[in-house]
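Inspection log for the structure reproduced underneath, given as structure tokens.
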Amino acid sequence: MGPADSWGHHWMGILLSASLCTVWSPPAAAQLTLNANPLDATQSEDVVLPVFGTPRTPQIHGRSRELAKPSIAVSPGTAIEQKDMVTFYCTTKDVNITIHWVSNNLSIVFHERMQLSKDGKILTILIVQREDSGTYQCEARDALLSQRSDPIFLDVKYGPDPVEIKLESGVASGEVVEVMEGSSMTFLAETKSHPPCAYTWFLLDSILSHTTRTFTIHAVSREHEGLYRCLVSNSATHLSSLGTLKVRVLETLTMPQVVPSSLNLVENARSVDLTCQTVNQSVNVQWFLSGQPLLPSEHLQLSADNRTLIIHGLQRNDTGPYACEVWNWGSRARSEPLELTINYGPDQVHITRESASEMISTIEAELNSSLTLQCWAESKPGAEYRWTLEHSTGEHLGEQLIIRALTWEHDGIYNCTASNSLTGLARSTSVLVKVVGPQSSSLSSGAIAGIVIGILAVIAVASELGYFLCIRNARRPSRKTTEDPSHETSQPIPKEEHPTEPSSESLSPEYRNISQLQGRIRVELMQPPDLPEETYETKLPSASRRGNSFSPWKPPPKPLMPPLRLVSTVPKNMESIYEELVNPEPNTYIQINPSV
């Protein structure tokens, strides 16, 4: 409103009296003029209008007319947001006036939800909103004056708005709020509503006893875990709203345990699983390798929930140690480290001589000397070792092979096989052992004894055959004498002389003297005296793993046959034509004695 309107408000509202009371008629020259200077007069006060231009200046007295106070009404006086239409009515006795509307002492700014009648006396709010609540007034105005009605209040009911449940003592984790077991938690439901709402709380499908917008639970346990709901209701709007909040109670953490999928782990196996076992449910899991956080890779992979560690292509250096840690925002607990036992090998097999570390392929050793061979291979668990000699059925078990006294029979190729029963693998290698020393007869003592016995047996058979022939030839002359009488006078032949000698054609020269044997040769078995045998190791050295009680490759025992004693049945007074044959090495002797 400008300055001119303000002046008019004070002055143009003054009405001059329609008739002037004068006691005399003023001369024609007299004129009624208004002083341009503002008068210090207020509304409804008497105003003095001076008349200038006459010798006597009479005074004219008048009074301004007041505007009537308008009245206001609303229908309905209480409205529901987004539902009702509200109409305001302004009534006044004055005419030739304009109506202005005021809300909360401010001129109303009209918008699309409002309608105004042509005379301005009816104001309609088509769809009422909560911001339409407040006091309303109408004001009647003319050129100089205005008059405002008493205020009227519009009550707009609304709500409840969407409910938000807050937990003061919890920690949000996504859509879940976590609280520690044993602590306290306070719930608060926030919403906007007029009039205030009624609150109903639920835990799962159970109705709680709390009916206010806030409540507290002390000493929280796992029983207090779940989905909380708050139902707010407005009895005026007949509307309701439901808010939800999921609460997770974090229990006191216990130590987890790392459990492998198998205890018999073998190198190069396809995979092995390590599981972090814990009785706690709502926890996070983190893995550690050798005390440091584990970094996943193609070789070490984690499951979606981090509770399983998968080791692909198990290697011997994947022993760990491994540990897992369970945690929440309130506490942590880590397992004891687990060291894996991974079986592998055997790797390449090595044969060394005694305590030497260099691998050898050929060994020369003196005859009758001792020899120690060591076989080893990298393996877990330790490998089992088996020794064999080429072209021999004997075997020896253990890392070490000890030969106390080398003989010619120990010469050859020795094989050592290392095996691992858990991995199912075996590897072997060999070494050539050459026994060197002074050469002896190519025949063993047993072979020589056999040859001697064979020769003597042939001699014995030949002697018996010669004796038989001699007897037969000796009997032939007597038959001729009986048949031919001319022989009866012949002289007897002395005992020293033999009437008939076998011809050189019937006996070989070697057996020409057998005819002198008078009697049958008898063969007797003579038991040899007890001789000490060659001594071998009967107990493996302490380095042997199995402690076998047999010695490696004991040479086959020499065939010991009882000695033959050839006893002649010829007369004792006949001179012996054979000497005693003694073979000291096999302790076998043969004696041929002539008959007496």
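From the backbone N, Cα and C atoms, a Cβ is placed for every residue, glycine too.
What Swiss-Prot says about this one:
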DISULFID  CYS90-CYS138  disulfide bond
DISULFID  CYS276-CYS324  disulfide bond
DOMAIN    346-432  domain 'Ig-like C2-type 4'
DISULFID  CYS375-CYS416  disulfide bond
TRANSMEM  451-471  transmembrane segment
COMPBIAS  501-510  compositional bias 'Low complexity'
COMPBIAS  553-562  compositional bias 'Pro residues'
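Location within the structure of each feature annotated in Swiss-Prot.
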residue: CYS90; record: disulfide bond; CB count, 10 Å: 23
residue: CYS138; record: disulfide bond; CB count, 10 Å: 26
residue: CYS276; record: disulfide bond; CB count, 10 Å: 24
residue: CYS324; record: disulfide bond; CB count, 10 Å: 27
residue: CYS375; record: disulfide bond; CB count, 10 Å: 24
residue: CYS416; record: disulfide bond; CB count, 10 Å: 25
Q.
Distance check, please: Cα of CYS375 (disulfide bond) against Cα of CYS276 (disulfide bond), rounded to an integer number of angstrom.
A. 42
Q.
Between C-alpha atoms, which of these disulfide-bonded residues comes nearest to CYS276 (disulfide bond): CYS90, CYS138, CYS416?
A. CYS416
(Q) Can you tell me the CA-to-CA distance separating CYS90 (disulfide bond) and CYS324 (disulfide bond), as a whole number of Å? (A) 80
